[in-house]
Amino acid sequence: MALDEKFQLEVIHLLLQFLNDYGYDESLKALEKETGLVSETEDVKRLKQAVLQGDWITAEAAFSIMQLRDESKRKEAQFLLQKQRCLELARSGAICEAIYVLQNFESTDFNKEKERLVSIILESNNKSNNELITKNGYGNTRLDLLNQLSEYISPEILLPKRRLEHLLQQAKDYQVSSQVYHNVLKNFSFLSDYKADPSELPTKEYHVFHDHSDEVWQISYSHNGRYLASASKDKTAIIFDVVNLKRVFRLIGHIDTVAYIRWSPDDRYLLSCSCDKSVILWDAFTGEKLRDYKHGFSVSCCCWLPDGLSFITGSPDCHITHWSLNGEILYKWEDVNIYDMALTSDGTKLYIVGFEQLINAEDKHIAIYSVETRECIKKISLQSKVTSICLSKDSKYALTNLEPHTTFLWDLEENRIVRQYMGHKLGNFLIGSCFGGKDDTFVLSGSEDDKIRIWHRESGKLLATLSGHVKCVNYVAYNPVDPYQFASAGDDNTVRIWSNKDNPRRQ
């Protein structure tokens, strides 16, 4: 494909910057000589040298003649120069001179920022200057300033930092995202197109655990990916070793269905929620029952706080309860019949889904609570009943299963649905879905038609429909360490491990 003249010139500029950045001086000189182009104009060199040497008068003069991307932003960029000059004066102890520089910057658009800076500078006069200034977000170096200024200057004059690498990363990201089977990046090269095939999906039934005598309602992987815990209608929970494919402990202590189970952040403990109105704390290393937490009604779900010192439970009696490990109730909210809950990775926000039958209507919503203030931040009303919620690793997205046959992907920063996944059957049971793959590139869900479905998260394309269970698949969970393994739990009393490879023991 022939490049037009403008495109050729832009490519040459990119190459010149690349050679300059990586110290290929002879190659740079040769390309400049052959093309008649330069990696940097004399004006740009003067600006860079002045900033790096702290020659602020020369820097201001050099910047004043620069062509900008947006001329209306010139004062904003000039303020960056003055701010750096001011902060360096303050760090050196020249407090009065630093404040004078700020007060003599002619624009009034930055008065609030100037007032804040003056306050910090005056306070720093009585403390460690550098520490206080850096602590308040003003620790940029001169090189940082140059990079900031480059964002204002026209790219025809000064290319943004490492522009070629940035473009190559964009090309790489695009190629990877366009491959619906992409899971783990292998052997990527810019010399050929990236391809990912279906072997990246864990679609093979690797092992079946038959240890339960009744329906398995929920499963949970340990954070180290070595163990899987299951919750069953047979009133027990089981810890499985998914490496050696064996049962480790059967946890006996509940007198009714075990509905939900979760590992502590350090994998030292397990919490099991039951229809017998209790939550039990277990020692995951020994299988020993450590403590009972009594409720007034059955308990449907729970989640741990990141420090592992407390946890939250949800119940059909519309109560959300924050517990300490020693059994103290720290706080209690009242909402709706709680089906499921999820906590952001930083432990600041609690998402709950539930349903309540009112006199003349039904209340179906997602509620978001601040763990710190304990206030309800937002309630999102829904048309259908939500049976489960699962957060992405970065806590920016959530999956919810809605009756009768849709899994929705939510953008949690904007609180809106961005994608939907269809084909499965939801309705009579509480079916769980989850993210999967190394970078959460897949979406998985159980179904009342005994199948498991895997979709490409970004496109919504159905990638695989898996058979194996002979009754409703209640829950799926993805191994947090092994990107090629997930587990499923069903009403056929089994827990199944899925992989992208065959189990040699079953052949």
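Any Cβ shown, glycine's included, is placed from N, Cα and C.
Taken from Swiss-Prot as is:
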- 7-39: domain 'LisH' (DOMAIN)
- 40-97: domain 'CTLH' (DOMAIN)
- 211-250: repeat 'WD 1' (REPEAT)
- 253-292: repeat 'WD 2' (REPEAT)
- 294-334: repeat 'WD 3' (REPEAT)
- 342-380: repeat 'WD 4' (REPEAT)
- 381-420: repeat 'WD 5' (REPEAT)
- 425-467: repeat 'WD 6' (REPEAT)
- 468-507: repeat 'WD 7' (REPEAT)
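Listed stretches 294-334, 381-420, 468-507 were compared with the repeat 'WD 1' (211-250); the greatest number of C-beta pairs under 8 angstroms is found for 468-507. Taking H, G and I as helix, E and B as strand and the rest as coil, DSSP gives the repeat 'WD 4' (342-380) the counts 0 helix, 25 strand, 14 coil. When the repeat 'WD 5' (381-420) is classified with DSSP, helix, strand and coil residues number 0 helix, 24 strand, 16 coil. Within the model, the repeat 'WD 3' (294-334) shows a mean pLDDT value of 94, rounded to a whole number. The DSSP breakdown of the repeat 'WD 3' (294-334) into helical (H, G, I), extended (E, B) and coil residues amounts to 0 helix, 22 strand, 19 coil.
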